[in-house]
Ligand SMILES: Nc1nc(=O)c2c([nH]1)NC[C@@H]1CN(c3ccc(C(=O)N[C@@H](CCC(=O)O)C(=O)O)cc3)CN21
Ligand SMILES: CC(C)C(=O)C(=O)O
Ligand SMILES: [Mg+2]
């Protein structure tokens with residue numbers, strides 16, 4: 001059965017929501033067959049699929065290209081696409097135009113937008129246009145140039161209060177859910193209590209309404225670079241390299257083709 005934003009909203013307080021990233025046709029099929037609730041075409045594709053150092057170089061065109069490939073897998077999971085770097089800082093008209101294209105051209109069913117209170121308020125226009133929005137607070141990787149690196153958020157009482165205010169702003173703007181990245185576990189639990197929409201965590205502990213993971217982190221496909229919170233559920237990289245080395249050997253020894 002097709003998962004909708006309504007399905008996701010109703011899962012709060014019932015059972016944890018499972019979100020996984022996908023970047024192309026094949027990873028979308030894997031996520032679909034595994035039965036996840038939501039697929040995120042994350043701008044982390046900049047790191048995992050395109051070889052960039054951060055998500056800053058990821059363009060709207062790149063997101064459209066990858067999202068359309070994921071959509072062609074016709075996932076039963078709700079399909080969400082990240083709004084990439086700086087788009088939400090432009091005019092509301094431009095933000096609305098990009099979100100519209102992510103749905104109409106990319107085939108996404110909802111969008112995720114990194115931002116605090118100001119961006120959250122701007123996103124009310126997107127939600128009112130009929131585009132479901134997930135907010136993204138805590139560590140916002142698109143802010144890496146200002147942050148100078150990645151860190152945990154919400155450790156101090158002051159920062160916890162800011163995050164709770166930001167979460168309420170997203171809820172007020174009509175966001176259907178909220179993502180919290182690299183957040184102090186107690187703060188993440190406090191935010192989850194404070195709002196009526198579901199929270200999805202990554203590096204934010206057990207106290208959220210769901211979890212999200214990058215597919216290449218879960219499958220162990222990356223070359224050594226893993227965030228501390230990621231779990232390798234299998235080491236596919238070594239299995240794949242071994243298989244491909246065997247192919248090379250068999251060709252060189254004239255064993256393949258038989
Ligand atoms: N492969 C991958 N997985 C991700 O989860 C991910 C990406 N790429 N790219 C986009 C963002 C960036 N994210 C990241 C990346 C690194 C850390 C990290 O290294 N965290 C350290 C602590 C921070 C530090 O000391 O720099 C950690 O140990 O978790 C955290 C989030 C999450 N996202
Ligand atoms: C790590 C998740 C939350 C994300 O935004 C991405 O994959 O781009
Ligand atoms: Mg992202």
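All residue numbers here begin at 1 and follow the chain in the order shown.
Note that Cβ sites are derived from N, Cα and C of the backbone, with glycine treated the same way.
From a predicted model like this one, the values you see are computed outputs, not experimental measurements.
Among the candidates 82, 143, 165, 184, the residue that TrEMBL annotates alongside 43, 114 as binding Mg(2+) is 82.
Checking the binding-site residues 43, 44, 82, 112 against ligand 1, the ones whose Cβ sits under 6 Å from it are 44. Calculated from their C-alpha atoms, the gap between residue 43 (Mg(2+) binding site) and residue 112 (3-methyl-2-oxobutanoate binding site) amounts to 10 Å.
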